[in-house]
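Student: Right, I'll just put the structure down here and ask away after.
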């Protein structure tokens, strides 16, 4: 017999209904009634057991979002849209066209494009013969689009969500689902001109967002590969060692060295030679210095990369941004598809004491040249050289949001310009006619969804939501053929002719 004390109230009600119910031939209960040969006690035991089991098996249901994802409130969406508007307007200023691709791709289109990061892709269940994966970034789908449509030249921007199955660290702005903003230039052009423009775009966006001081690190994958070669890294380990070097912005050198030696089998002396190089960073002078390096200067790949960087710095000087750029030999960019110049923007803390080194607070934008990616999709291997950048919207959003909390900044969640109000009852029809007139004129207007709202309630709504103007219609205004316009901030009211309402509102809004 079950423990009766554990039974919830609804189960007792079910038990009583079974015991007190008279015998009947048409009973539809899950257990047989005593008219079919069972004793009431047996019926009670069966009902109790069934009810108690259902009660005990009910899981503890917690409402939450999946790990590595989040909802965005209306206040957060306002901030996010302002960031995206600034970024996209910069892309358009440089002549980019917008485009979009599916949120998921054929898995075969994405595999072998990301190196060790391929394990972070989200694979979807087979839904009818196609093996699919959620897109990992916006670059590979763009390359697939170029190859599939035989496009040889294009300047495009793309804003969309991507998904990565990694351990999320929400505090640092890392998620499993996040938004990317990409700008890319595809086509055969003279060296380093598109690359320099990408770096100029990065500077314009970061200056526009006013996030504080920043630095853009640049390197070249040919220099990275040349460095590996002269240091003695086996060619078969280039990509995996590159992936380790890419972690230097998150891990100390000793930890990266341990990973290369203990986990990836690199000889300790080779790792130490790499360490001598990855500690080097500077400006155009370092590029000239590396031309004279006794080991690196003997590698053809490295010399090609250094030659392009020398030209790049010339263009960056003409753009007026060379001081924001640092040639950094520790920059590797772990993705396999990069073939030339690579870059990454980081924010810097303001030094607290004179002479103190700036402290990096993380990457907020990155990109590089990928001349071979489109050819990986083309049946004949035809290449379309490409270079591009991606803005880290989530990281930037976290920084801006935290700054707003610190300074107590408030955000309007709507753009409503006018509230249509009345101080009297039975004026719903007049309000509906007025607000329709405003909407038809392109004015952003609201009214309260009540037949007879109190005027004070309507005015409080304007103050709480930041609506600047109120249009008031009442009995006297209706008789005189006028309406009142009230400024919420100054509380001043003026009566104007009904036919002049739209023009007067538009005038006021243009002056504000």
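Any Cβ shown, glycine's included, is placed from N, Cα and C.
Caution: TrEMBL annotation is automatic and unverified by curators.
What TrEMBL records for this protein is below:
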BINDING   137, 138, 139, 164, 180, 184, 333, 337, 338  L-histidine binding site
DOMAIN    68-423  domain 'Aminoacyl-transfer RNA synthetases class-II family profile'
SIGNAL    1-27  signal peptide
Student: Validating a neighbour-count step here. Other CB atoms within 10 A of the CB of residue 333 (L-histidine binding site): how many?
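Tutor: Around the Cβ of residue 333 (L-histidine binding site), 21 other Cβ atoms lie within 10 Å.
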Student: Averaged over the domain 'Aminoacyl-transfer RNA synthetases class-II family profile' (68-423), what pLDDT does the predicted model reach?
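Tutor: Averaging the confidence scores along the domain 'Aminoacyl-transfer RNA synthetases class-II family profile' (68-423) gives 90.
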Student: Write out the long-range same-chain contacts of residue 139 (L-histidine binding site), meaning residues 6 or more apart in sequence whose Cβ is under 8 Å from its Cβ.
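Tutor: The answer is 182, 184, 337, 370, 373, 388, 390.
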Student: Sort out the sequence-distant neighbours of residue 180 (L-histidine binding site) for me: same chain, 6+ apart, CB within less than 8 Å of its CB, listed by position.
Tutor: 137, 138, 158, 159, 160, 161, 162, 390, 391, 392, 393
